[in-house]
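Input: a single structure, listed below in structure tokens.
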Amino acid sequence: MAELGEADEAELQRLVAAEQQKAQFTAQVHHFMELCWDKCVEKPGSRLDSRTENCLSSCVDRFIDTTLAITGRFAQIVQKGGQ
């Protein structure tokens with residue numbers, strides 16, 4: 001197998017990092033849904049009632065908003081540190 005050039009290696013690292021981010025995001029969503037399920041679903045049935053659907057939606061939205069706010073703030077701190 002031929003050795004990778006610097007550009008190929010950088011591209012490979014970028015692709016691996018992107019896949020890791022996707023996997024981390026998916027894991028977070030599953031974790032949020034598990035927490036929200038425990039909080040919102042009293043007794044599972046064949047269908048979710050509107051109250052439960054609203055609770056689940058609001059719960060996940062809160063987690064996502066919080067995560068985005070923390071991530072944005074962290075990025076600002078890192079950017080200021082790099083200047």
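These residue numbers are counts, starting from 1, taken along the chain as shown.
Glycine is no exception: its Cβ is also placed from the backbone N, Cα and C atoms.
What Swiss-Prot says about this protein:
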- Cys36-Cys59: disulfide bond (DISULFID)
- Cys40-Cys55: disulfide bond (DISULFID)
- Ala2: N-acetylalanine (MOD_RES)
- 36-59: motif 'Twin CX3C motif' (MOTIF)
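Residues near Cys59 (disulfide bond) in space but far in sequence (CB under 8 A, at least 6 apart, same chain), listed by position: Phe32, Leu35, Cys36, Lys39, Cys40. Long-range Cβ contacts of Cys55 (disulfide bond) within its own chain (separation 6+, distance under 8 Å): Cys36, Lys39, Cys40.
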